[in-house]
Amino acid sequence: MTQHSSAVQSEIDDFMQGLVRRNPGESDFHQAVHEVAETIIPYIQDKPIYKEARVLERMTEPDRIVSFRVCWEDDSGNVRVNRGYRVQCNNAIGPYKGGLRFHHDVTLSTLKFLAFEQTFKNSLTGLPMGGGKGGSDFNPKGKSDREVMRFCQAFMTQLFRHIGADTDVPAGDIGVGAREIGYMFGQHKRLTNEFTGILTGKGLEYGGSLVRTEATGFGAVYMLEDMLKVRSQSIEGKTAVVSGSGNVATYASKKLIELGAKVVTLSDSSGFIHDPEGIDEDKLAYVLDLKNVKRGRISEYVSEYPQASFHAGERPWHVPCDLAFPCATQNELHEEDALALVKNGCIAVSEGANMPTTAGGVEVFQKARIMYAPSKAANAGGVAVSGLEMSQNSARISWDETNLNRQLRNIMQTIHDNCLEFGQDPGDDYIDYVRGANIAGFNKVANAMIAYGVI
Ligand SMILES: NC(=O)C1=CN([C@@H]2O[C@H](COP(=O)(O)OP(=O)(O)OC[C@H]3O[C@@H](n4cnc5c(N)ncnc54)[C@H](OP(=O)(O)O)[C@@H]3O)[C@@H](O)[C@H]2O)C=CC1
Ligand SMILES: O=C(O)CCC(=O)C(=O)O
């Protein structure tokens, strides 16, 4: 962690006080902005153009937030009411772009932090995409397919007037996978009588892109592979601890297994499984079926594979490993977890989830000088392939898997190299990927905002 002069520190403190005053009680949003302010305010000290244009103040005030009632009927004919949102954070470099989250814990604070981080992440991909995020406090867990369908249709009936292929292109996130995207795309088509690329993560039969399903998890592993390469190391033979058992966790595990790592954990919100023999391709296929088809719990893994243990209500970070991949949700890796990882010899962390490590945890990693890739860089592969899905939809073409895999690999390499450019001090071989990602992401958005004048 860089020590700032007292003048710079007081500028950061003043900035954060103003942000907290304007956005009371939104702790996730404060956390995400604070991490950026800590690196961008020192960076712009000798760049008056950004300070005079108050670029950071403008970037932390979303362009627009829409909130709406979502009213639907459950299978018993009861009327249910949820709240839907779309946070359109910044469209300086392209249409708003970012996922939709359906989870009972969703609040405006969650979506504002996600939309803010998305703005930097999308800029890092090098593709023309602004930042947005949306969702609802609807919980798909335990709902029938018909209930999920009726909710998705009701949600899109409200959202459709705010999105468009050149305006705002949502996608999936927690609780929104292929099934939900299908229902929402179908409803949009019905409402508008248009077949356009207004969502990404679509099925391959109706405008989806190959490699999008795998992209976030694969990308997080590619990022770590590039970080290890700088230290002349590789993934082969390393033990990896992964959290989550959804889209990102399972495809990160798939790529890790392919590259010769031993993946020993997966988790969900009820606890984690530890398989000391390693989760191989067959076991992972079981998990994919369990989660995506049967919609079961990760604890069921131990009935199928009795050598594994289930740890109810716990997170996997105390299991010794070389590599850690938090791939479940925000703030799932706390300071004491980070201390345990470092103590047990973990050498690198790549964040598949968005902001999974608390500020205290990040400080532990940085003080220990282990390799640490923050989410806005490490999990950008998903939105990158979403950007490629948008390109394919606009051109009405489909690229093959080899082409898309190559583009994803190149984008992750470029993100890594940009972090390196802005994250290193002369004479110090430590790479601060947090600073590197923030500055590289900031530059493009800030320069576009300045080009537009005061708007
Ligand atoms: N999908 C994508 O392309 C991208 C996703 N991300 C981020 O990756 C993370 C995972 O997303 P994704 O895999 O798509 O989502 P999924 O819905 O497919 O899976 C989410 C996983 O996280 C677990 N989880 C959710 N909430 C909690 C919680 N409070 N505590 C513990 N575990 C929890 C879920 O368990 P349970 O089933 O018990 O809820 C599930 O295993 C999120 O942070 C998301 O924002 C980032 C970039 C792109
Ligand atoms: O693919 C997308 O547009 C969204 C991905 C996403 O939500 C994320 O990067 O957090």
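Every residue gets a Cβ built from N, Cα and C, even glycine.
For reference, TrEMBL has these:
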type	residues	note
ACT_SITE	LYS133	active site, proton donor
BINDING	LYS97, GLN118, LYS121, GLY172, SER386	substrate binding site
BINDING	THR216, ASN247	NAD(+) binding site
SITE	ASP173	site 'Important for catalysis'
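Surrounding the centroid of the Cβ atoms of LYS97, GLN118, LYS121, GLY172, SER386, where the record places substrate, the chain contributes additional residues within 8 Å, namely GLY98, GLY99, ASN122, MET129, GLY131, LYS133, ALA171, THR200, GLY382, VAL383. Sequence-distant neighbours of LYS133 (active site, proton donor): residues of the same chain at least 6 apart with a C-beta under 8 Å from its C-beta are ARG86, VAL87, CYS89, GLY98, GLY99, LEU100, ARG101, LEU111, LEU114, ALA115, GLN118, ASP173. Counting only same-chain residues at least 6 apart in sequence, those with a Cβ under 8 Å from the Cβ of LYS97 (substrate binding site) are GLN118, ASN122, MET129, GLY130, GLY131, GLY132, ASP168, VAL169, PRO170, ALA171, THR200, VAL383, SER386, GLY387, MET390. With a cut-off of under 6 Å between the Cβ and any atom of ligand 2, the recorded positions LYS97, GLY172, ASP173, ASN247, SER386 reduce to LYS97, ASP173, SER386. Under 8 Å, Cβ to Cβ, and six or more positions away along its own chain, THR216 (NAD(+) binding site) finds ASN247, VAL248, TYR251, ALA252, GLY352, ASN379, GLY381, GLY382. Sorting the binding-site residues GLN118, ASN247, SER386 by the number of other Cβ atoms within 10 Å puts SER386 first. In the three-state DSSP reading, GLY172 (substrate binding site) counts as coil.
Checking the recorded positions LYS97, GLN118, LYS121, LYS133, ASP173, THR216 against ligand 1, the ones with a C-beta less than 6 Å from an atom of that molecule are ASP173, THR216.
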